[in-house]
């Protein structure tokens, strides 16, 4: 094999690894209960593939705290991350209820309808409401 063929083979291997890393990223990771900030994150592999995921943690004061924590995780997997927006989530597991609302002062408002669709993949038996009201 010449150098170009070796390089091409290596790049294909790296691309396959990043596709597998992207496929392994969970769509939803949020706190088990309470009211907390959340961000939508577009996770991007080394090529053109990407997916939107939802992250929200009660122990994070700012939307940026959530994004930075998760961005570090994605970087270790060889993935890039972008944040198109955020908001808040109210999670009541006893009532099987989620409410998505508000916005992030730093990132803007996430697409709450898309957030609802993503949350429904993990919580199909929940009532999920969205609202553009509140902060």
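The count begins at 1 with the first shown residue.
Cβ coordinates come from backbone N, Cα and C, glycine included.
Under the three-state DSSP scheme, residue 63 (active site, proton acceptor) falls in the helix class. A simple way to gauge crowding: the CB of residue 63 (active site, proton acceptor) has 25 other CB atoms within 10 angstroms, across all the protein chains here. Among the features that Swiss-Prot reports, active site, proton acceptor is placed at 63, with the record citing similarity to another entry.
Swiss-Prot lists 37, 104, 105, 106 with the feature substrate binding site, giving similarity to another entry as the kind of evidence. In the three-state DSSP scheme, residue 106 (substrate binding site) is classed as coil.
Those residues of the chain, other than 37, 104, 105, 106, with a C-beta within 8 angstroms of the mean position of the substrate site C-beta atoms are 39, 62, 63, 64, 86, 103, 107. Cβ neighbour count for residue 104 (substrate binding site) (all protein chains, 10 Å cutoff from its Cβ): 24. Long-range neighbours of residue 105 (substrate binding site) (same chain, six or more residues apart, CB within less than 8 Å of its CB): 63.
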